[in-house]
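Worksheet for the structure shown next.
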């Protein structure tokens, strides 16, 4: 990779933080702000003691971050994993959430210690070509996530209206709801955080209700959760496992969390305050992901119980003999396994457990789609500002992301079938998994650099764990790329996929190389990359 070889000179302004040389002229900040400029004060407490008041003050960024673990992409991944593998992949969900927590801990620590988010650090350390490719891939991840939110919301509106709102109509409605969130943002950060906590509570109630009425077999569920095995599994189950990892650990969410923690007033000149902030953010993130894990577990268990090895004919018979018999026609009368999606999932729940289950499912799906809208906007804003130093108003950023997401979703909704919309959602989950190294590798790199993180750099044990994460993510994606090539519909696609694969592997190799340098591999140090080992020039 080539690009800028001389890193910009930086100066240390406070404990563990760095700042760029100021640009000439006043900063250009559009009206309406582009950043979480409101700072939440942290109450005083006796040093060395745990304070619930302090935990409450630090509570917010972790729950906003956890929304990415509950977006429609996750719900789709959960229900399909349950339908394809029953309870066999519950352990993948558990350990993917644990790995997600480790990554989010590193993201929060980077933001607290340096006072900068991951995008800003990437801008300072990576040469122009790699950081531009990184930025483009993160924008792709954000647009892909927003497309999933559009798809989930459109299907939710269709279910709630008993089909009166067509899918394309639901897609267009998502344009309107964005203005509501921009309006809500004017009421302050704490109220915004409270609203998203309310949406998480709705999801916990709705999907928890489905879990109670479905009554999954608890013994089989616990075995699937704590015994890592998958007897009789093939490529469909493997692809679902990859989809779970990609849906749970969202690449842009790591960039988002490193920025959200900057909304709390932390005195970065005092190591005690930094250590305390790291502790409280870790506790909050653990609680938030604990909640998100159980919500995902509810969905996967419900569909593992209701859909596993279910045939289309069986689903047709169930609906034909229920009060929702008009929906039976969506299931072909054959003995193939049901290809479950958002829509069919809601219908079969309604046929099995009554119309209330259908509408409660749709409300939960709607909450999942709506809650992810604003966090995706923030992520896009932080990524753009960090990588490009380009500041847009939140309205402009939201309009750009939603426009890019709506157009392909609208075309599929108008000209294709519902199944095509759900297939697009599956593809987007795999895309998130493929893009994951472009968030995981940078965060592992920078949190391992003593020159940047000082005494808060990852220790030997953490480096072993995080390096294992890096190898696992890269191995999963390499296996997927190799497995995917034979399934291409036409040989003409091979050239395009091969070109993209070369770029993908080239960027991944570069990121692994710089990560190894940051971990102390001095033999790999090139003169233009010494700052990954020794830090930026003072």
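Heads up, the Cβ atoms here are built off N, Cα and C, so glycines get one too.
Per Swiss-Prot, topological domain 'Cytoplasmic' is recorded for 1-54 (among others). Mean pLDDT for the topological domain 'Cytoplasmic' (1-54) in this predicted model: 56.
Among the features that Swiss-Prot reports, region 'Disordered' is placed at 1-36.
Sequence-distant neighbours of the transmembrane segment (55-75) (same chain, 6+ residues past either end, Cβ-Cβ under 8 Å): 40-43, 97, 100, 104, 108, 145, 148-149, 151-153, 189-190, 193, 196-197, 199-200, 203, 247-248, 250, 252-253, 256-257, 260-261, 263-264, 277, 280-281, 283-289, 291-293, 295-296, 299, 342, 364-365, 368-369, 371-372, 375, 378, 425, 428-429, 432. Annotation comment: Swiss-Prot describes 55-75 (among others) as transmembrane segment, evidence class sequence analysis.
Swiss-Prot lists 76-81 (among others) with the feature topological domain 'Extracellular'. Applying DSSP to the topological domain 'Extracellular' (76-81) sorts its residues as follows: 6 helix, 0 strand, 0 coil.
Residues or ranges marked as transmembrane segment by Swiss-Prot: 82-102 (among others).
The topological domain 'Cytoplasmic' annotation in Swiss-Prot covers 103-139 (among others) and rests on sequence analysis.
Summarising the annotation, Swiss-Prot assigns transmembrane segment to 140-160 (among others) and lists sequence analysis as the type of evidence. Using a Cβ-Cβ cut-off under 8 Å and counting only residues 6 or more beyond its ends in the same chain, the transmembrane segment (140-160) has close neighbours at 68, 71-73, 75-76, 166-171, 173-174, 177, 250-252, 342-343, 346-347, 358-359, 361-363, 365-366, 368-370, 372-373, 376, 379-380, 383, 401-402, 404-406, 408-409, 413, 418, 421-422, 424-425, 428-429, 431-432, 435, 438-439.
Away from its own ends, the topological domain 'Extracellular' (161-164) comes close to no residue of its chain (no Cβ-Cβ distance under 8 Å at least six residues beyond either end). Residues or ranges marked as topological domain 'Extracellular' in Swiss-Prot: 161-164 (among others).
Counting residues 6+ beyond its ends, the transmembrane segment (165-185) has Cβ neighbours under 8 Å at 149-151, 153-158, 191-192, 195, 369-370, 373-374, 377, 394-395, 398-399, 402, 406, 409-410, 413-414, 418, 421 in the same chain. Positions annotated as transmembrane segment by Swiss-Prot: 165-185 (among others).
Look at Swiss-Prot and you will find 186-193 (among others) tagged as topological domain 'Cytoplasmic'.
According to Swiss-Prot, the feature transmembrane segment maps to 194-214 (among others).
Marked as topological domain 'Extracellular' by Swiss-Prot: 215-240 (among others). Sorting the topological domain 'Extracellular' (215-240) by DSSP state (H, G, I as helix; E, B as strand; all else coil) yields 15 helix, 0 strand, 11 coil.
The transmembrane segment annotation in Swiss-Prot covers 241-261 (among others).
Here Swiss-Prot flags 262-286 (among others) as topological domain 'Cytoplasmic'. Within the chain, the topological domain 'Cytoplasmic' (262-286) has long-range Cβ neighbours (under 8 A, six or more residues past its boundaries) at 14-17, 36, 38-42, 47, 54-55, 57-63, 65-66, 101, 104-105, 108-109, 111-113, 115, 117, 189, 455-456.
Long-range contacts of the transmembrane segment (287-307) within its own chain (CB-CB distance under 8 A, at least 6 residues past either end) are made by residues 62-63, 65-66, 69-70, 74-75, 78-83, 85-87, 89-90, 93-94, 97, 100-101, 104, 200, 203-204, 207-208, 210-211, 214-217, 221, 224-225, 248, 338, 340, 345, 348-349, 352. Residues annotated as transmembrane segment in Swiss-Prot, with sequence analysis given as evidence: 287-307 (among others).
Swiss-Prot lists 308-346 (among others) with the feature topological domain 'Extracellular', giving sequence analysis as the kind of evidence.
Segment contact is absent for the transmembrane segment (194-214) and the transmembrane segment (493-513), given fewer than three CB pairs below 8 angstroms at sequence separation of 6 or more. Geometry remark: residue 321 (N-linked glycosylation site) versus residue 335 (N-linked glycosylation site), CA distance 18 Å. If you look at the topological domain 'Cytoplasmic' (368-394), the same-chain residues 6 or more away from its ends with a CB under 8 A from one of its CBs are 23, 27-36, 64-65, 67-68, 70-72, 74-75, 116-123, 131-132, 134-135, 138-139, 142, 145-146, 148-150, 152-153, 156, 174, 177-178, 181-182, 184-185, 192, 196, 199-200, 203, 252-253, 255-256, 259-260, 400-401. With a cut-off of 8 Å between Cβ atoms, the residues of this chain six or more beyond the topological domain 'Extracellular' (76-81) that come close are 89, 92-93, 148, 152, 240-241, 243-244, 246-248, 296, 299-300, 302-304, 307, 340-342, 345, 422, 425-426, 429. Across the range of the topological domain 'Cytoplasmic' (368-394), the DSSP-based residue counts are 22 helix, 0 strand, 5 coil. Note: the topological domain 'Cytoplasmic' (262-286) comprises 18 helix, 1 strand, 6 coil (DSSP; helix = H, G, I, strand = E, B).
Cβ atoms under 8 Å from those of the topological domain 'Cytoplasmic' (454-468) belong to residues 15-16, 102, 106, 109, 113, 271, 274-275, 278, 444, 447-448, 519 of the same chain, restricted to positions at least 6 beyond its ends.
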